[in-house]
Amino acid sequence: MSMQMGDPADSGMAKVEQWQQTMYGMDSGIQSGATTVRDDDGGDFATSKHYTMTTTVTTEKPDVDAHYTRAQRVRAAMFPETLETGTTILTTQTDPSQMTNVQRLAEPSQMLKMAIVHLINYQDDAELATRAVPELTKLLNDEDQVVVGKAAQIVNQLTKKEASRRALMQSPQMVAAVVRAMQNTSDMETARATASILHNLSHQREGLLSIFKCGGIPALVRMLSSPMESVLFYAITTLHNLLLHQEGAKMAVRLADGLQKMVPLLKKSNPKFLAITTDCLQLLSYGNQESKVGGMQALGKHLSGSTPRLMQNCLWTLRNLSDAATKQEGMDSLLQVLVGLLSSDDLNMLTCATGILSNLTCNNAHNKTLVTQGNGVEALIHAILRASEKEDVTEPAVCALRHLTSRHQQAEMAQNAVRRHYGIPAIVKLLNQPYYWPVIKAVVGLIRNLALCPENQAPLRDAGAIPRLVNLLLKAHQDAQKHGSSSQQTYQDGVRMEEIVEGSTGALHILARDPINRAEIANLQTIPLFVQLLYSPVDNVKRVAAGILCELALDKPSAELIDSEGASAPLMDLLHSNNEGIATYAAAVLFRISEDKNSDYKKRVSVELTHSLFKHDPASWEIAHNSVQMEGPYPDELDAAYQGYGGYAADMPMDGMEGVMMQDEYPGGMAYERGQGYQEY
């Protein structure tokens, strides 16, 4: 019987031993998160993780924490605040760098708990501030300055928390009381606290609106005269935020004489403070001509020995101011510094320096002469060579060169300097496609000015200027013709195609003074187009077309071709033009193409000439031609100011000037006005 009873027992013991040897060491996956996969070969199950087991034997009794259930450990991990003080639950974490599953589950619950705590605190802050607003407002309006100072300190502390700050800014009475206290106090600490309050409120749009509506801007401008540095910094940063984000703030600052108060602040040495101040000046001057006068010299003082950031801020502001400073005097030292900056490899500095020089040399003979004598031509050419693909540099640089090569005592010196410093090939190369029309317009005007110097005629021809100008003329004329039936003028990149037609024809007109150039122009089959331009509705186009035909008619084959293209009829009409230049050129062309005609034709032309221009004999044309500059009166360089803000983009809309045109100038160029958004400090 005992044997029978023992057999099953022995069998059971054997099975336990077998299980211990085979399955005991396998991971169930509950603790470790290991996955269980089927073995393809044998069909058994295997775990994806393997462990090396170590056994520690101790004679001490196990810690009481080991007896905690799994539920207790989970509860302790997810809600540790439920544990009694001093109680610690052992974790099953084996690797400090890896969280256990329970710890992962606990993380969202802790985040939720903290969010609820913050929400409760936020609500408490808001309720506290809301309840305190009436009493604090009353204290800020108290006659006792000590009481006002203490109240300002309390409000300042409240505005440092978002919830209470939002509650305060929703009370117009509170904001008005702060502004009033800041205006009336003579205590520096009260002034600092109230300025800090407005600064804290200015971080939200609601706060900016409250400050604006409560008359905070005049009070802040007044604080710019404070001797305390912290008050100055709070005031300028608050005004900066208002200028950036509050509609109507710019006009309010101008009316409060903010510009006059800010310019003296440029004497400060703190780079961060100066950066914000210069940006405020730029924001105020952008698009407002009256605000721009007076700050050029002050800003120019910071271009030497300053930090790169301050220099850049000053340069952008100077560029924005410079379009209103074309007639200002006392810019000599600034111009010298700008010419020196043209050697910089920093693209932003190069962009600003060329733009400022372009504006300051526009219609200002003294500045033109000074820059020319200060090696400005060479520096501008080198800038173009280094940044030929950057329109933000090439356009103002070419405009500046165009200004320097006309209408001042050293204009001829500048024309020769461009050639001597190998600038002609680089300038002509800018006429290559693809066309960026503002640059093209500036280059065409510069080529015309360069052609006024006889020594430049051959280099311009050798650089390929003539065929490029002809191709440009054809392209612009075709684009203008496409929209000829509509009342709108054709614009590309902000440039009217009629301006390109006029400019390229005018440049070819001056180039045609050279006999070789004249023959090359005629050989490019341009005469039919020039005759067609005589019918243009634009007087300036008719004048330059008649002008180049006048030069081409000096060669007999060209004169015959002009006549065969039917130019006589429009030229006869142009004899009676109110524009003296058009009538004179038309008379000259008719006189030259009639030399080989029969007597009847000559007589008819003579009668027309007598009735329209000359009272005695057509031969007086030769006297006029020898005594009067026949290239048409061209305007100087002012066009519409550049409009754009943020990122200083290259799209530069420019409208040509209408009205009377000046001698030896081509309409082009621009007065730059460019703004740049800066990060808040």
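Cβ coordinates come from backbone N, Cα and C, glycine included.
Note on the repeat 'ARM' (131-171): residues 122-123, 125, 177-178, 180-181, 185-187, 189-190, 193-194, 196-197, 200-201, 203-204, 206-207, 210 of its chain, located 6 or more positions outside it, place their CB under 8 angstroms from a CB of the stretch. Annotation source TrEMBL lists repeat 'ARM' at 131-171 (among others).
The repeat 'ARM' annotation in TrEMBL covers 173-216 (among others). Within the chain carrying the repeat 'ARM' (173-216), a Cβ under 8 angstroms from the stretch's Cβ atoms is held by residues 133, 136-137, 140-141, 145, 148-149, 151-153, 155-156, 159-160, 165-166, 222-223, 226, 228, 230-231, 234-235, 237-238, 241-242, 245-246, 248-249, 252, all 6 or more beyond its ends.
Residues annotated as repeat 'ARM' in TrEMBL: 215-257 (among others).
Taken together, the residues in the repeat 'ARM' (333-375) have a mean pLDDT of 94 on the 0 to 100 scale. Annotated repeat 'ARM' per TrEMBL: 333-375 (among others), in sequence order.
Taken from TrEMBL, the feature repeat 'ARM' applies to 375-417 (among others). DSSP labels the residues of the repeat 'ARM' (375-417) in these numbers: 32 helix, 0 strand, 11 coil.
Residue counts for the repeat 'ARM' (422-465) under DSSP (helix as H, G, I; strand as E, B; rest coil) come to 32 helix, 0 strand, 12 coil. Residues or ranges marked as repeat 'ARM' by TrEMBL: 422-465 (among others).
Residues annotated as repeat 'ARM' in TrEMBL: 525-567 (among others).
Across the repeat 'ARM' (173-216), DSSP helix (H, G, I), strand (E, B) and coil residues number 36 helix, 0 strand, 8 coil.
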